[in-house]
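J.: Checked TrEMBL, it gives:
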| type | residues | note |
| --- | --- | --- |
| COILED | 383-410 | coiled coil |
| REPEAT | 18-60 | repeat 'WD' |
| REPEAT | 68-110 | repeat 'WD' |
| REPEAT | 112-153 | repeat 'WD' |
């Protein structure tokens, strides 16, 4: 895949790529806590995490920071945890979901018995304590990954056979898109505490493109981009009936093959830009900018409430131990000024070193000291031997010094 600065115009054919996978790349996801780090899932059954150099690529990148191996079939979905650093989820065609600690390169949670069919998509909730999945068996499942249990599920969320999507909203409800039995496109809103009936269900049209939802938690707007459509429809989610309010449709001439969504802190607040899409055509990528017309040049607080910033609220170990935290918010009043990203470091644990206490945080902190600690008898004997050798070397050097000074004196006498 390509990573390049935002620019217009044609890209040179010889532009460097990120090319460590041995099969096609099926999904990529930028890390929300480090703008230089990106994860990719591939047909080669692996997930790779890459550190992109600060000034972009000058040579093709073939060496990932870490390769995550654990899936037995191709990996079609990768999704970073929204609030915990270095926690990554992957889902493959083996119907398994694996949650990794990227900092150690380990698979810490493996949910391999919850799905009996292909997983269409996976979505974290706002604080990353739950995930929801849409699957080919027409079920939407809400899963607590750390307890490894299904909290709620709904059979036949949409009765049609075509693919569905399910995403978490900021208030904890779930938004789904799918098809009716008559192949009409539908959207629905669900409360995971009671999945019997939807809060709202709307039928749209009879087009056969899968509706991809893009959600902005700050404004509570959902943008629906149909694959093969030439339009983007957007809706506002509210607490009052009809709950999902149609706002407008953006139409263009050419159909979209895929769609990307700019994170909130990449938008131009001076132009009242509330969303930016990157529409994939056959041979190009076109930016589509959504703005709210305002007469004033002042910062529009209502359009830009504080949004999730790049700082992680938790470390990976804290999340795996059971802690939760909401995203740390930042103001966009003066635009977003990126800070210095720290490099992604991976500390591989020694699998052969199966000491039971190795997982404790305090042990990890003290590990370097312990390594240097010569407390066992074998190490003491080795240390004594090294010290003896050092002493004999010092003695030899001292003797040679004395010999050289004597020879110099004799030479001086001869010269006189």
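Every residue gets a Cβ built from N, Cα and C, even glycine.
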J.: Reported in the order helix, strand, coil, what are the DSSP residue counts of the repeat 'WD' (112-153)?
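T.: Helix, strand and coil residues of the repeat 'WD' (112-153) number 0 helix, 21 strand, 21 coil.
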J.: Can you work out which residues elsewhere in the same chain, 6+ from the ends of the repeat 'WD' (112-153), have a Cβ less than 8 Å from its Cβ atoms?
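T.: Same-chain contacts beyond the flanks: 76-77, 79, 81-84, 87, 89, 91, 93-97, 99, 159, 161, 163-168, 170, 172, 174, 176, 178, 190, 192-193, 195, 217, 319-320, 322, 324-327.
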J.: Which whole-number mean pLDDT does the model give the repeat 'WD' (112-153)?
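T.: In the predicted model, the repeat 'WD' (112-153) has a mean pLDDT of 96.
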J.: Could you give me three numbers for the repeat 'WD' (68-110), the DSSP helix, strand and coil residue counts?
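T.: When I sort the residues of the repeat 'WD' (68-110) into the three classes, I find 0 helix, 25 strand, 18 coil.
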J.: So how many of the residues in the repeat 'WD' (18-60) end up helix, strand or coil by DSSP?
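T.: Helix/strand/coil tally for the repeat 'WD' (18-60): 0 helix, 19 strand, 24 coil.
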